[in-house]
Amino acid sequence: MSDVIDELAAQWRACRHLLVLTGAGLSTESGIPDVRSATTGQVRQPGCADALSLRFFQQDPAAFWSAFRTLFPFGTTGSACPDIGHRLLAQLAATDKTVTVVTQNIDGLHQRAGSPHVIEAHGSVERLVCPACLCRDHDATCQVQPVPHCHCCGEVLKPDVVLHGEPVEAMDAALAALAEADCLWVMGSSLEAGPVNQLPALARHWRMPSALVNLQPTALDSRFDLCLHWPIGEVCAKFRQILGFDSD
């Protein structure tokens, strides 16, 4: 593993603007389960996609919110803390290089860790939005209501995340960030969810150095210059040692 991490460190030293696409595997050490896991992922269960769809939210808001809170309980507790992966990316961003994070996660942990440039591809479970008036000014008391309502217009609030049937509006920002970057890393993503899984192919087309850090192989491994199939926590700890970063 050390030789490959040395190559990862060489990519870091050579780049000026690193783009990092992160997935659920980056947050598992924070105690947040990978809902897309091949063995335990809830979103693979029959009917789950329908329960997390815009259509179901519109048809039965109460049932939708019950299902959503079962799948994503961390959204109402805020108890999860950034792990070594989140902290490493924030530490890299504090150097003289630019680090942009495009995250598929909805847990807000990159921001809590201190990363300044975060594009939330799928939104954030920590926010609520009114689909009628688009108001986002809702306090924490709304989060604990069985069916939260907008204090501006009274309509049922939606979690500010991308549901099945909704477009990934942040994709434009992700593409713009990739165009400005000169290195792409993917950390903790199976690269099954589109459209952000198109980024590795674009990076390959542009001959951009790239690396994948994910416990399991993906169908897109051939798109990367480096593939590290080890626990992210171990990779990040070794990477920090190589760069001489202090532990925290």
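The backbone N, Cα and C atoms fix where each Cβ goes, glycine too.
What Swiss-Prot records for His122 is active site, proton acceptor, and it gives sequence analysis as the kind of evidence. Residues annotated as NAD(+) binding site in Swiss-Prot, with sequence analysis given as evidence: Ala24, Thr28, Arg36, Gln104, Ile106, Asp107, His122, Ser189, Ser190, Asn214, Ile232. Annotated nicotinamide binding site per Swiss-Prot: Ile106, Asp107, in sequence order. As annotated by Swiss-Prot, Zn(2+) binding site applies to Cys130, Cys133, Cys150, Cys153. Annotation comment: Swiss-Prot describes 1-246 as domain 'Deacetylase sirtuin-type', evidence class sequence analysis.
Taking the C-alpha atom of His122 (active site, proton acceptor) as reference, the shortest distance to any of the binding-site residues Ala24, Ile106, Ser190, Ile232 belongs to Ile106. Look at His122 (active site, proton acceptor): DSSP puts it in coil. The binding-site residues in question are Ala24, Ile106, Cys130, Cys133, Cys150, and the one with the fewest Cβ neighbours inside 10 Å is Cys133. Each residue contributes its Cα atom, and for Cys133 (Zn(2+) binding site) and Ala24 (NAD(+) binding site) these two points are 31 Å apart. Checked against Ala24 (NAD(+) binding site) by C-alpha proximity, the binding-site residues Asp107, Cys130, Cys150, Cys153 yield Asp107 as the nearest. All protein chains shown were included, and the count of other CB atoms within 10 Å of the CB of Cys153 (Zn(2+) binding site) stands at 11.
Each residue in Pro131, Ala132, Leu134, Cys135, His151, Cys152, Gly154, Glu155, Leu157 lies on the same chain as Cys130, Cys133, Cys150, Cys153 and has a C-beta within 8 Å of the C-beta centroid of that Zn(2+) site, without being one of the site residues. Cβ neighbours within 10 Å of Ser190 (NAD(+) binding site), excluding its own Cβ and spanning all shown chains: 23. Separating the Cα atoms of Cys130 (Zn(2+) binding site) and Ile232 (NAD(+) binding site) is a whole-number distance of 36 Å.
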